[in-house]
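Feature list (source: Swiss-Prot):
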type     : residues      : note
TRANSMEM : 33-53         : transmembrane segment
TRANSMEM : 77-98         : transmembrane segment
BINDING  : His83, His182 : heme b b562 binding site
BINDING  : His97, His196 : heme b b566 binding site
TRANSMEM : 113-133       : transmembrane segment
TRANSMEM : 178-198       : transmembrane segment
BINDING  : His201        : ubiquinone binding site
TRANSMEM : 226-246       : transmembrane segment
TRANSMEM : 288-308       : transmembrane segment
TRANSMEM : 320-340       : transmembrane segment
TRANSMEM : 347-367       : transmembrane segment
Amino acid sequence: MTNIRKSHPLIKIVNESFIDLPAPSNISAWWNFGSLLGVCLILQILTGLFLAMHYTSDTATAFSSVTHICRDVNYGWMIRYMHANGASMFFICLFMHVGRGLYYGSYTFMETWNIGILLLFTVMATAFMGYVLPWGQMSFWGATVITNLLSAIPYIGTNLVEWIWGGFSVDKATLTRFFAFHFILPFIISALAAVHLLFLHETGSNNPSGISSDSDKIPFHPYYTIKDILGLLIMLVALMTLILFSPDLLGDPDNYTPANPLNTPPHIKPEWYFLFAYAILRSIPNKLGGVLALVLSIMILAIVPLLHTSNQRGMMFRPLSQCLFWLLVADLLTLTWIGGQPVEHPFIIIGQLASILYFSIILILMPISGTIENQLLKW
């Protein structure tokens, strides 16, 4: 009799994806983040489901319903903070995952990479809409400012913004539809993640050396299941430490003030994980130019495979490209810092220089360093 694990139509899929999957023998901890993202997604869907049972998407009661969850619902405060800080964990894992892909040349798997970019956009949209739901000051003004960016689109901009708002300002209709979208998008993300995995398993995983590992594969279980569980435990300890000791560390105090359309907060800023893109947006004094730069700061990932000039896949043996990669990481951290600062000297010029450097590294310096390294190998 055949093993049910290998014969049953449904269990067979799980088996081929998580148990008998041939994996490279040398993948490092940087390959843990895919599974961590899966866990983050499940955690967000579950906590979100329980929050949705008590939340009301009405401008009059949204803020009060969140307060009610924190005060009166059994462990409601914990579910709420798991959801809010779980989003931060999600983005930390996302940035690490994308960074790993850039460093080790995983972007040469074009289908997997492009679905990944689509996933990144969808997760960002979901997080933005989720931030609007508590209906605090930063929720309201964040929604107003970010949706207003679409008015920069020539000819249809203003109509588009009013269509998204469902009126002439961010109001009840906006909150209701944002809640509906925020609820449905994680399930779309789940489907996209399954497709992402499907395309990955067509080619097999990349590995740190960047060369084919077909001659040296090991089964995913138990080697990488145990490794993933270790990564998971570390992440959960970090998340629970954040929730139980400093749950509001990454939030904005302004969001504990109910939304008031008549009172603008002094510094409107998004959650920390959007600050790098927000800094790029603000560094261009023209509205349409800023919006284009904002979109391109993420869309640029789609052309990274086309800019790959090196004969080697990853950066493991490419010191020049390594320097540029870590310069890019430092630059993104600088942009994140600038995005949270007021628009005044010297922050304006720092933001503009960091934005120029960001695009220069990816579009100009990386391809040049790849070509130089090819020449160095010939010598």
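A Cβ is built for glycine as well, from the same backbone N, Cα and C atoms used for every other residue.
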All-chain count of other Cβ atoms within 10 Å of His196 (heme b b566 binding site): 21
Around the Cβ of His83 (heme b b562 binding site), the count of other Cβ atoms that are within 10 Å: 21
Beyond the flanks of the transmembrane segment (33-53) by 6 or more, those residues with Cβ under 8 Å of it: 69, 79-80, 82-83, 86-87, 89-90, 93-94, 96-97, 100, 182-183, 186-187, 189-190, 193, 228, 231-232, 235
Nearest-integer angstrom distance between the alpha carbons (Cα) of His83 (heme b b562 binding site) and His97 (heme b b566 binding site): 20
Cβ-Cβ under 8 Å with the transmembrane segment (288-308): same-chain residues at least 6 beyond its ends: 98, 102, 105, 107-108, 110, 113-114, 117, 120-121, 124, 149-150, 152-154, 276-278, 280-282, 355, 358-359, 362-363, 366-367, 370
Spatial separation of His201 (ubiquinone binding site) from His97 (heme b b566 binding site) - C-alpha basis, Å: 17
Residues from the same chain, set at least six apart from the ends of the transmembrane segment (226-246), whose C-beta lies under 8 A from its own: 29, 32-33, 35-36, 39, 78, 81-82, 85-86, 88-89, 93
Other CB atoms within 10 A, centred on His97 (heme b b566 binding site): 20
His182 (heme b b562 binding site) and the residue listed as 'ubiquinone binding site', distance between Cα atoms, whole Å: 29
